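These notes concern the structure reproduced below.
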Amino acid sequence: EWRSLMCFSERKYAESVASDLMAEASRADAVDNYQMVAWARNGDFDNLKRGVLRGLSVEAKDECGYTALHEAADHGHLEIAKYLVEHKANVETADHRGDTALAWAAYSGHFSVVRFLVEEGRAELGTKNIRGRTPTYWAESSHRRDCNVISEYLRDQVEKRYIERAMKAVTRDLDTVRMLYPLLNSTLKGLPPRVEAGA
């Protein structure tokens, strides 16, 4: 009985230590997550790269749901944004208000980041936040440098993508017609000629 009591006590102690270690690791992960976001915000590319090499997540969020990519976009750190996207940061991740990195770059007037996210990151142009506002809205409502250029660029890109999608649909339809034409043609050849009205 004494031995089982001792084993029970040792097990409880081990569970307590394990719990403390897990809590400490969780706190360390949270600090690391915040650090990734802070490095991106401050343009600290070297530490951010070291963090990624250490295995820190490029999708780490702070308490407001901002990711390193949101902060890089908001502060115009193009090279950091490129690095994060190359390392699989999701350009569509939204913060607590539903804004994406593209919305932040557009609002803050960072045209080079906007262009990168649209052309290389293939960011969605019409993503709406919880208040229904798009990146184009943010560019138009901001009075920062390049915002007029950005809003015009985004409107042009919306139109360009619409045309691309329409052309893909037309091409798909033409491919379907090309595929079906021989079948339809051979079927029609086997039918008797139509009787003209009044004949």
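Even glycines carry a Cβ here, placed using N, Cα and C.
Away from its own ends, the repeat 'ANK' (64-96) comes close to residues 36-43, 45, 48-49, 52, 58, 102, 104-105, 107-108, 110, 112-113, 116-117, 120-124, 127, 129 of its chain (Cβ-Cβ under 8 Å, at least six residues beyond either end). According to TrEMBL, the feature repeat 'ANK' maps to 64-96 (among others).
Per TrEMBL, the feature repeat 'ANK' maps to 97-121 (among others). Under 8 Å from some Cβ of the repeat 'ANK' (97-121) lie the Cβ atoms of residues 67, 69-70, 72-78, 81-82, 85, 91, 127-131, 133-136, 138-139, 141-142, 144-147, 149-151, 153-154, 157, all in the same chain and six or more residues away from its ends.
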Mean pLDDT across the repeat 'ANK' (97-121) comes out at 97
Residues in the repeat 'ANK' (64-96) per DSSP class, helix first, strand next, coil last, are 16 helix, 1 strand, 16 coil
Using DSSP three-state counts, the residues of the repeat 'ANK' (97-121) come to 17 helix, 0 strand, 8 coil
